[in-house]
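Taken verbatim from TrEMBL:
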DOMAIN    B:12-429  domain 'TRAP C4-dicarboxylate transport system permease DctM subunit'
TRANSMEM  B:6-39  transmembrane segment
TRANSMEM  B:60-81  transmembrane segment
TRANSMEM  B:101-129  transmembrane segment
TRANSMEM  B:141-168  transmembrane segment
TRANSMEM  B:180-201  transmembrane segment
TRANSMEM  B:222-246  transmembrane segment
TRANSMEM  B:252-270  transmembrane segment
TRANSMEM  B:282-304  transmembrane segment
TRANSMEM  B:324-353  transmembrane segment
TRANSMEM  B:365-386  transmembrane segment
TRANSMEM  B:406-435  transmembrane segment
Amino acid sequence: MRPETDIPSEDAPAPSREPLPLRLWNHGVDGLAALGTLMIVVLMGMIFADVLARNLIGGSLPLISELGALTLVMIVFLQLGTTVRNDRLARTEFFLDAVGARRPRLAAFVTGFWHLSGVAVCAGIAWSTWGILMRDLSARNFIGIPGVATMPTWPFRSLILLGIAVATLQFVVQAAIAFRRAAGRPERRA
Amino acid sequence: MTGIEIGAFAIAALILLIVLGMPIGLGMIVVSFVGVSFIRNETVAMRMIGAVANDSLREYLYAVVPLFVLMGLLVTASGVGKDTFDVFERLLRRVRAGLGIATVFANAVFASITGISIASASVFSRIAVPEMVRHGYRRRFATGVVAGSSVLGMLIPPSLLMIVYAVLAEESVGRMFLAGIGPGLLLSVLFSITILLMAYLSPKSVFDREPDLIHQDPVSALALAGKGVPIVVLVTLVLGGLYGGFLNPTEAGAVGALGALAIALLRRSLTRGRFWSLLVETGQVTVSVLFLIMAATFFSRMLAMSGLPNALAETLLQSTIGPYGFLLIFLVLVIVMGFLIDSISIMLILLPIALPVAKAAGFDLIWFGVLTVVAVEIGLLTPPFGLSVYTIKSALGDRTLKVGEIFMGATPFVFAMIAALAIIIAFPPIAVWLARL
Amino acid sequence: QETINLTVASSHPLAIPWVGMIKTHFMAETDRILAEKGNYKIEWNEAFGGTLYKANATLSSVSEGVTDVGWVFSFLEVPKLPLSQVSSYAPFSTANPPVQLEVMWDLLQTNDAFRNEWEQHNIKVLGLTGTDGYDLYTKQPINSLADLNGMKLSAPGVLGSWLRGTGANAVDGALTTFYTDIQTGVSDGVLSLALGVFPAKIYEVAPYITRVRIGTAFSGAVAVNQDSWDGLPEEVQEAMVAAGQFYTESHGKDLLERHEAAFEKMVEAGASQNPPVTISEMSMEDRQAWVDGLPDLAGEWAADAETRGLPGKEFLKAYMEGLRARGETPARNWDQAQ
Ligand code: NA
Ligand code: NA
C-alpha cells in the first residue's frame, strides 16, 4: 500500500484542464464514493444501536450482523472507482520508478497495460455479479429469519453491481490516460 | 499439467507480476482466474470470481476495518497522540535518550487504540521527530525510533493484522488480540534497551550534540494527568469494552470511533469539511485493504483447488527439516517478502500455504500467528518497500530528508525485532499465556 | 484401472464429526466398493475447512462446480432451501437423529417439491446430515422454566424463536464467539449442541447443563455437482450412492452415541473446575409448558412458505406424520393447529 498521510489533502484534480465529460464522470464517481462514505457512518450507527439494545434491552437487534456484512461489501464496491482513480490500490513501485526515470513512456505503457488488466478483472466480476443479481431477483433472495425480520438482497446487489461497473469504466479511463502518455501526447490528469 | 504444477506456476507468475508493478490485488485475481481455468474450466473460474467478490468480504468481522481506521484518523486529528507523547516526555526527561524511550512508550500506549501501524508512524513523526531534533538528537535516530516503534501499533491490540490472521486461521480475534500484548511489551522493552545501549555505547549515533536538558515550566501533576485523560478514556472504552463484556471486536471499533469523534468534537478540533475528508480517507484505506483481502481469498481458493498446499505440507513435514526447520524457512520467507510487499499481502499470500503445514506440524496457531505478525512487521522497516518509513517521509514533508537515512535509523530496531522473534520462539508463553488464560 | 480426479470440500473443518465422516465413511466406503472390482480409482483432492469457500456459500459452490462433492449447510441457505428448514420450526418433535434423517431421506424420494428444491440447484444429494440435540448451557443453574425469564441466551438465527414465550432474550453470535460472549457477560449462556459445546469448551464458562431435549434438526446434505455426476461412470455412481446411504446411517447412529458421550466427557473434563460441570434434567412439566407456550412457529413458517408458492402445510404434515409413523412422539403436533 502506498504511504498515506494521516490527514488527506483535498487533492481534487485541477478541473480547468479537463474536458467536460471527464469532469462530469469524475463527479459521478466521487458521488458514488460519497454514498459509500455515508454508509460507513450508517454502519457505525447500526452497530452502536445494537450494542445499546443488547446492554439496555437485553437482546440483539435482528438482522444487524447480516446487514452489516452486506453493507460492508457494498461500501467496498461503491468506493472502488474513486480508489482506482486516486491510484490507491496496493502495488510495488521500484520497478516502474526505475524504468520511469529513464524511459517514462515505457513505464506509462506498462502502467496502461496493468489498467487494462483492471478492466478485465472488474468486467469479469461485473458479469458474474449480474448473474447473481438475476438469481437474487428470481429466487427472491433475502437475509434474516422468516417470521422475525427479513430484507431482500437485490437492492444491495444492484449497488454492488453499479460500483463494480463504474470501477470497470474508471480503469478504461486510466488506461486511456496512460496510453496517451505512452504515445507522448500532452498529459491530462484524471 | 497437474494441479500442483499449475499452482506452482501461478505463484511464480504472481511474484513476477508484483515485481513488475501490477497492482497486487489485480495480479492475484488474474493468476487465480487463469489457474482455475486450467484446473477446472472458464465457467467455474467466472463463477468463482463473482462468488469471491460477493461472498468473501461478507463477514460482520470485516466491519472493524473501516471503524478502526476511522478511529485512528480521528484520534490523530484530535491531538490525543501529542498529549500521550507529552506525558511520557515529562516522565522520562531525566533519563538519557529519554525522548527516544518516551516515543517508544507513547507508541505502545497509542497502539492500544489504533489498529494500523501507519497511523502511529504518521502521528509520531510529526510530534516526536521535531521535538527530538530540537533537543540535539540526530535526525536519523529520531526518525528511526519513530519507524521502529510504529510497529507496536499492529502488535498491541487492536490490530488489523491480528484480525486478518484470526480470520485466516479461524482463531478467535479476542484471543489473538490478547496474544499480542506480551510480545508488544517485550518489544517495547527491547527497543528501550536498544536505545540505551546506543546512547551509552555510541552516543554519536544518537546525538548531534550534547542534548539539552529539557527545561520546561514545572507542570502540575494535575495538568499532566489531564493530558493523559483522553487516551485513557479511549483505551478503557475499547479494551475495557472488549474484555469487560460489553463489546465484540466489531463493536469495540464502532464505540472507539464514536468516542474518538466525541473527543475531537469536544476539543473543537474538527470542522465539518475535515470530518468529511477523514471519512473519505477511511473509505480509501478500507477499500485498498479489503480489495486485497478479496483478491487473496480467490488466490488461496485457487491454490486449495490445485492441491499444492496439501502436497507442500506433506513434503515439508516428512522431509528431514522437521517442524522447526519449516518454521525457520517460513519466517525467513516472510521477512524476505517484506522487502517488497506490504504486510497484509504477505499474510494473504503465504498463510493459505503455510497454515495447513503449521497445523499438521502441531504448532499452537496463536503462537504461530504472533510470530507471523512480528516477522511481517519487520517488512515495515526494510528497504526498498518499507511502509512505515515512507509514511514518515511523507508526513514530515522535508525534502532534505532522504528515505535511506530513515532506513538506516530503523536498522537497530529491525535487529531488536529479530531478537524478539527468537525470544518468543524460545518462550511461547509470552504470546500464548494471556490468550489461553 | 482408470483414475478419476474429484475435489471434495467443506466450509467446516474435519474436526466437525459429520465433516470428518465424509472422509472416514463416505470417501472410504466409495474407495472400498470401487476397489472390489478394481476398474476405477478416485484421486480425491481434499479441500476441507473452508479453504475453497466459506459457510455463506456451501450450496452455490457445489451447484456451480467450485467443488465436485461438498457438504451443503442448509441452515444457512434459508432463502434457497426453504422446505429444508421444517425441522428448525418444529422443535421438541424428535431427539432421534437416525429417525429424523430417515424421514427426510424418505421425503426426498417421495415429495416432489422437496426434491426439486435441491435438484434445481444442479446438484445430486448423496447423504444427509443432522444435528445432535439442543439443550441449555448456562452460568447459573436453571431450576425451573421460570428461571429463563430475563436471561440473555446466545441463540443465533431461528434458534432465537425457540425462546419466544420463555421470557429469555436471544443474543446473536456463533459457535466461535459463544465462549467469550459468556465469559464477558454478553450472554448468560447458550442454547446449543453438546457436539458444539464440548470442543469449544463452552462448559468452562457455562457449567450448568440443563437437558431440555429440545430435539435435533436436519442440517444439510453431502451433495455432488450434477455436471460432475453426469460425467462419472455408472459403476462409480453406484458406489457413491451406496456410500452415501452408508454415510447417512453411520452419521445418524454416531450423533446419538456422540451426544451422550459428550455429556460424560464434559462432566469429566469439568469436574475440577469451580463450579464443576453439573447436569440436570428439565422436568417434563416445564418442558411441556415451554413447548405449549411457544407461538405457532411451524404454522407461521408453513404460511410463509405458502406465500412463496410452496406446499408448506402439506410438507409440514408429511414431516410430522413421518416422525409419528416411526414411533416418535412429538411434544406438540405442529401440523394439527390448535
Ligand atoms: Na494496536
Ligand atoms: Na520492506
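Note: Cβ is positioned from N, Cα and C throughout, glycine not excepted.
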The transmembrane segment (B:252-270) vs the transmembrane segment (B:60-81): three or more C-beta pairs under 8 Å (separation of 6 or more)?
yes
Would the transmembrane segment (B:6-39) count as touching the transmembrane segment (B:180-201), i.e. at least 3 C-beta pairs under 8 angstroms with sequence separation of 6+?
no
Return the stretch with the most CB pairs under 8 A relative to the transmembrane segment (B:6-39), choosing among B:101-129, B:282-304, B:324-353, B:365-386, B:406-435.
B:282-304
Against the transmembrane segment (B:101-129), which of these stretches has the most C-beta pairs under 8 Å: B:141-168, B:222-246, B:324-353?
B:141-168
Note: vs the transmembrane segment (B:222-246), the recorded stretch with the largest number of Cβ pairs under 8 Å from B:60-81, B:282-304, B:324-353, B:365-386 is B:60-81
So which residues does the transmembrane segment (B:282-304) touch in its own chain, when a touch means Cβ under 8 Å and the partner is 6 or more beyond its ends?
7, 10-11, 14, 24-29, 31-33, 35-36, 39, 48-49, 52-53, 56-57, 62, 65-66, 69-70, 73, 116, 160, 164, 344-345, 348-349, 351-353
Given the transmembrane segment (B:365-386), its same-chain partners at Cβ distance under 8 Å and 6+ residues beyond its ends are 117, 147-148, 150-151, 154-155, 159, 161-162, 165-166, 169, 171, 175-176, 179-180, 183, 187, 327, 330-331, 334-335, 337-343, 346-347, 351, 355, 358-359, 403-404, 407, 410-411, 413-414, 417-418, 420-421, 424-425, 428, 431-432, 435-436
Given the model, what does the mean pLDDT over the domain 'TRAP C4-dicarboxylate transport system permease DctM subunit' (B:12-429) come out as?
83
